[in-house]
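If you check TrEMBL, you get these features:
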| type | residues | note |
| --- | --- | --- |
| REGION | 1-28 | region 'Disordered' |
| COMPBIAS | 9-18 | compositional bias 'Basic residues' |
| DOMAIN | 26-61 | domain 'EF-hand' |
| DOMAIN | 94-129 | domain 'EF-hand' |
| DOMAIN | 130-165 | domain 'EF-hand' |
| REPEAT | 188-271 | repeat 'Solcar' |
| REPEAT | 281-365 | repeat 'Solcar' |
| REPEAT | 374-463 | repeat 'Solcar' |
């Protein structure tokens, strides 16, 4: 108790001493001193060993992926994989205003220092449950002179080792995550995941809509039309805009669908990560996260999927999305929006379980081979490739779903009782190969679609700092 009272008095005296001493941007000299502390061998450059040593001292991840993001975020302008004094000073001066903004937001009384009580108050305001012990640990991590509070200079030594995106979006959460023994994430992260996932899905579906239209027409038809024949037919009857027919409900479907897929997958993985003793999640947990993401998205957005399918086929329902909805409801009732749901649900559970699982495994394999994590463009290529494997295995269910959706429309008589009946009759009448009808155009549509989706998602996620510190390896592998 005496020690606690003494520490409290020191904090009070220290804060009173600094009242009115608002922290200011510092000159190059102070920044150079930080550089010299990190450049332990005095070589004039901070190499990756010294970067890792500096990261470890303040509780930050020191794996290759973190170091890579730190260097690529603006430090390593000449791609030397080291940081020169000139690069360090230029970067910190450029980011110092952002560092000061975060510091002032946590210096609640304007004393020029941050105390443990202020840290706890700020974290609770930001939606993170924090105890006085958490606050003490956070102060202790950065408090070099052991006066019971953190100055801007001490805070700057920490934030200059945060990747640019984490400094911009998650600096306070990173500080707490470095100080305590549990995973800390931004409470607004799920909302950001939804927005990023929706944007990625919308971009991919709009750009690949013509390929999707050809694929659906080919899968629904039985007259032997090949890809060139379908293209000529659509162009002759409907013109160029015909290739985007049915794209509006698909985009409306894919925005929430993609948002839910990515957000659910990330949330389930984060659930397992917070309970992991190793800081990693297992392959079965990744597969379960993928299956959950597929099922959740399918159940929420399936009416849009059904609408799009019934609008896309030849002789399908025509008009605006509202007109088509009225026609389907008048003809089939509410069930018309859920035709083929069992096949779609099974296909999505299997497809996303396999797709997300293979995506994570392929990214890990990439790291093992190239000793670095793939960039956004490379992740797009990985995602597109794994999606093709996934759709190959789930193609029969997709075909059955499409035929169940369109039966009952003009030119498409009711032939099947359920998904299983459709699979059996298709195999009997068209051969087993008929279950994979439309596979080639599916590749042509799915690869660029998923490539664009993952590329946009990963690029935006990196820019927004999604995942915080939890997405990084703790140590060099």
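In case you wondered, yes, glycine gets a Cβ from its N, Cα and C as well.
What TrEMBL says about a protein is an automatic prediction, not a curated fact.
When the repeat 'Solcar' (281-365) is classified with DSSP, helix, strand and coil residues number 73 helix, 0 strand, 12 coil. Under 8 Å from some Cβ of the domain 'EF-hand' (130-165) lie the Cβ atoms of residues 7-8, 10-11, 14-15, 23, 26, 30, 34, 37, 51, 54-55, 58-60, 66, 69-70, 73-74, 91-92, 95-96, 99-100, 102-103, 112-117, 119-120, 123-124, 171, 174-176, 178-180, 462-465, all in the same chain and six or more residues away from its ends. Per DSSP, the domain 'EF-hand' (94-129) is made up of 23 helix, 2 strand, 11 coil.
Predicted-model confidence for the domain 'EF-hand' (94-129) is 93, expressed as mean pLDDT.
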